[in-house]
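Per Swiss-Prot, the features are:
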type     : residues       : note
BINDING  : ALA124, ASN192 : NAD(+) binding site
ACT_SITE : HIS222         : active site
Amino acid sequence: MLKIGVIGCGFIGGQICRAIDKGVINAELYALSDSSESKVLELTTCLKRYSPASMTIEELLQNVDFVIESASQKAVRLIVPQALEAGRDVMVMSVGALADEELRKRLFRLAEQNNCKLYFPSGAVAGIDGINSASAAEILSVTLTTRKPPMGLAGAPHVEALGIELETIEKETLLFEGPASEAVKAFPANVNVAATISLAGIGFERTKVRVIADPTLSRNVHEITVEGEFGKLSTRVENLPSPENPKTSYLAALSAISTLKKILSPVQIGT
């Protein structure tokens, strides 16, 4: 049975661990790692089937078969290269880190050299399968419009740099418009989906992103519009935010769980 190691015990990491513990995913939850030992302890006390060990990154990489990063873009930069060098397959949740072209090329090269797989779940959006299919021909444009309740954008570097007072926003307000390469830096905890869309389609510079704060919303809304030789594709997802972290949509965690199930399944459905 595949031994899983999870790095990052926040909402997404926790949901993945609970799914494995309940038998939704046919794998062994072997190890956890987090900068906060209290988060590891809190998560392990919720589990019934498995008692994963709390390990350092180095210990985890030596003892598991498959690594799940659900921590941060910083963790992707520091840990994922080590995992690939150790010959481990990796699922990356903080996909925004791959806007860094040098890092992206390095990870892809390491995966090839060490015969490893890198997995990037669809996250909190629908339509990645369609974008993947459309990329077999020419894609002309890709636009992501993200709408969130203002406080769901709290702490974003773009918000803090401009001194935007989110609590004073009373109507729909455009906070950012630009390429995905800049969006993932401006809102690293909010628009990881922009990175996934970029990887599936026309890249970080050509993928356009709009971030809107809307006080009338109680959900995180992602709209994708793609035009190309195939025609036009439009999707809209209204995500319930995580009760633990309003920056994260519940669907993002479900996407990770679904990806793991697909990896382990003999039957593959969809692009």
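Even glycines carry a Cβ here, placed using N, Cα and C.
Predicted, not measured: the structure shown is a model, and the values here were computed from it.
This view paints the features noted in Swiss-Prot onto the structure.
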residue : record              : DSSP class
ALA124  : NAD(+) binding site : coil
ASN192  : NAD(+) binding site : helix
HIS222  : active site         : strand
Can you tell me how far the Cα of HIS222 (active site) sits from the Cα of ALA124 (NAD(+) binding site), in Å? 8
Within the chain of ASN192 (NAD(+) binding site), which residues six or more apart in sequence place their C-beta under 8 angstroms from its C-beta? MET93, SER94, VAL95, GLY96, GLY123, VAL184, ALA252
Sequence gap of 6 or more, Cβ distance under 8 Å: name the residues on the same chain that satisfy this around ALA124 (NAD(+) binding site), in order along the sequence. VAL193, ASN220, HIS222, VAL237, ASN239, THR248, SER249, LEU251, ALA252, SER255
Provide the number of Cβ atoms within 10 Å of the Cβ of HIS222 (active site), excluding the reference atom itself. 25
